């Protein structure tokens, strides 16, 4: 089997599993990448991410160019045609190669009889491309987001929703966190320059560096030795607001994959940290991160709603709750989120967040700090959540972040800045 020929069909199968079966791309893609040569892995990733980023447009084009949708066992061909459109619109793959390889993909998915159909649709698109794209530019699909999410963003951000959508449709910058126990940020930036790369410090987060051009981690000075970690700037804000101190008992709840756990220990190496997550499989990445950075923490599997099951009656000086959320602030990194989430999920997530907040608040010592964080931009999960929590929790007070009417700090995704993130810093009276 020609691996190069198979690339397009693998991408089509990955997108189908996300859209039709509700699988996350981070679970679907790695096993498929094992089926292609190393030199082809980047292209496979680009095709999967790109098709999911522009899915609304590609779906719109198929509806314009085909009289009826592909269904049943032929459904993968629907996504194979999308992969073809994406290459013609957004990649440097020569058009003749894009067509030939995509058409050949029908053989890999055991649909060789549909090669002529695929070829015909792609060539029809080439002939009508300018007219079709002009029409698309005035359609509702042009936002590249599901309609329910566009409406929620319009309601929440009447003057900024388009900026958020544009940011979500861009490729994300690559942010790093310099391990302050090994190097100062300026010192590591010097090592980066010596390696022929350039980075820029974040003005607000003292460990954050943005690479001018994304690079593989093995090319970063000292990555294997734990000198630096890949972590978005906004995610680094969690430890900044938490302000952990040596000797404190700290709970990092919903901790996987461990980026925030290790950041806490970089800021306060002698803190006693308990990292808890409900997903046992993802906890393996917490262990991996601790090992790479040479750090120690207690790691437990547990549900945030039932702290007695994983910490008994223990109380903590500080709690970081990176709550389960819609992840609508990190769509540019995970474009599958747009198609995995449903409108009804938001109410269910807000209810879960409230239950976890109420369950862990008694575990915070008087005078202690709880930082509530999400990678969402939706008020129901953020400001509204904290506002109602403050109303029902008389011993909770807001600190540093916002006002009682507008509690918390909301970062919006954009350009070279960090992802969409929300933080609220609460003090126990």
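Any Cβ shown, glycine's included, is placed from N, Cα and C.
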Same S-adenosyl-L-methionine site per Swiss-Prot - residue from 303, 336 joining 254, 255, 256, 257, 258, 259, 260, 277, 322: 303
Spatial neighbours of the compositional bias 'Polar residues' (400-412) far in sequence, C-beta under 8 Å, 6+ residues away: 157, 160, 163-164, 167, 234, 237, 241, 329, 372, 377, 382-383, 386-387, 390, 418-425
Whole-number Å value for how far residue 375 (active site, nucleophile) lies from residue 260 (S-adenosyl-L-methionine binding site) (Cα to Cα): 13
Sparsest-packed among the recorded positions, when each Cβ's other Cβ atoms within 10 Å are tallied, from 254, 256, 375: 254
Most distant Cα pair in Å, residues 254, 255, 256, 257, 258, 259, 260, 277, 303, 322 binding S-adenosyl-L-methionine: 19
For residue 258 (S-adenosyl-L-methionine binding site), the number of other Cβ atoms found within 10 Å of its own Cβ: 28
Nearest-integer angstrom distance between the alpha carbons (Cα) of residue 258 (S-adenosyl-L-methionine binding site) and residue 375 (active site, nucleophile): 15
